[in-house]
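Structure record follows, encoded as structure tokens.
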């Protein structure tokens, strides 16, 4: 769908700035105004920015570990909540420039947050797999929702405030009824981790975006799948409904798509340069998208009026008789200058003025917290949190406008950002060349070989090309087809021998894996002295927590030092995942057994268990110095998670 040239861009980069002294871990846009950004980083700070302004207007401190989740709240984005690696939550009132509450209770990193639409409540999701509902006034947790088996990546309250949707690394979306205190249903169609979930602003409809590269739409009356997008792009990182519910904006790696759901269709697609986009919001008919890379935050703008289905000259519309004609989409007259035609959505769902009957799912647990079960921080901890106003003028503009207290005075609407002119071909080529240079520089400066998506790990594709190929750029020089084929076949035979040996090793491991005897299979793989086979087997083991025992932990720990120091990203990630399983599932057992005496009498099973725990403990303590050295860099967040988990054991 090509758009007519108008002289200005449909999408452009607005700004890029250094946001923190350390790596940025999270950011969020204010969805009420679309003009404020909050970011959290390794420097333990929470910084606030005005979109389009290069300077930080306020810096909030008080967390003692890196900040990993942030979210705006309140009717006018006047509240901010931030969660840290240690599991602590801090809530600030931006208008008063002071902290409201410090809340603790999670046992691991905070991964997701959301404010209740019109109540003094917040929800938090953690790496500890729990979802907690907090009462800000009572300073405590009032419910703990259990049921996820891995990290909770996203939380959203429904527009009426009665439901809470949680999405996790376990590929599940769970819908909780807050007033009834129970799970309504699980949505299970995704095949990979779910990164984002959003409620339709008006209808009983829920959308979820996943690393399986699809967005799925769910009917909240029937709890059935309505439709799904094609999995033809990168993993979905953020989704956002149009404020009137006309479409869904879907952000992924360097790409923005506009989707409808009844029937499923892609209205528009725009190539973006924002990298791994983290959040998006709409203000003055412009979509603001924000991402982060190392210490920098990047902000992009998209002109929504020039995107389908809102663009007047290229909009598509489903005719009235579409339901009788298999939903055939008829294009409008391209020469028409009429106003954009709304895309009708064929549905019979209720709005949030009513709600469907609840259904409970007893497989998941909702736990009511008591005073003894909830760990909350004292008010004295709040005094340690400081709100440092860096730019008083911008701060007053954002959070203390003069006409805010005059109810009869309409608020001043900020002007849309001016679109820059379109680039000529030379500018595009030059920018592409600069981008490639930056990418090459980053790869050369990294000590970890990234996992490519289009070729096997560790395989240099240039080795298969003739060495004389570089001469073909010179006039009058070249190689014959026979010479090229001979060179390719020579390298091919070597690679084929390597792959054949690896295939035989995997066949042997598979044969040893009888009756799910994982330990024998892993022991065999280790004796082969082929780390690639060990990684293949451990990657499968990491998907099945119930296969693990102390024997297996002791065996895996012997390989972790080599895996965590590998130059291949895939090997390091596999080692981190295995180590996390050991610390989460067996850390308490190991600690209790090494601190327990020999007891009275002879208990062979107890002595064997204590010996295994001592072996595991020895390997774990030897790994700790390695983790401390790798807490920064591309995979630093994974190592920091392991350090936090180890602190409870050592």
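Cβ coordinates come from backbone N, Cα and C, glycine included.
What TrEMBL says about this protein:
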type	residues	note
REPEAT	17-49	repeat 'WD'
REPEAT	60-102	repeat 'WD'
REPEAT	103-144	repeat 'WD'
REPEAT	145-186	repeat 'WD'
REPEAT	187-228	repeat 'WD'
REGION	340-429	region 'Disordered'
COMPBIAS	370-385	compositional bias 'Acidic residues'
COMPBIAS	387-399	compositional bias 'Basic and acidic residues'
DOMAIN	491-643	domain 'Katanin p80 subunit C-terminal'
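Counted with DSSP, the repeat 'WD' (103-144) comes out as 0 helix, 23 strand, 19 coil. Here the repeat 'WD' (17-49) is broken down by DSSP into helix, strand and coil counts: 0 helix, 18 strand, 15 coil. Outside the repeat 'WD' (17-49) by six or more residues, the chain places 55-61, 63-72, 74-77, 80, 82, 84, 90, 92, 94, 278-284, 286, 288, 290-297, 299, 398, 414, 632, 636-637 with a CB less than 8 A from a CB of the stretch.
Note on the repeat 'WD' (145-186): DSSP counts are 0 helix, 24 strand, 18 coil. Within the repeat 'WD' (60-102), the DSSP-based counts of helix, strand and coil residues read 0 helix, 25 strand, 18 coil. Per-class residue totals from DSSP over the compositional bias 'Basic and acidic residues' (387-399), listed helix then strand then coil: 8 helix, 3 strand, 2 coil. Residues in the repeat 'WD' (187-228) partition by DSSP class (helix H, G, I; strand E, B; coil) as 0 helix, 24 strand, 18 coil.
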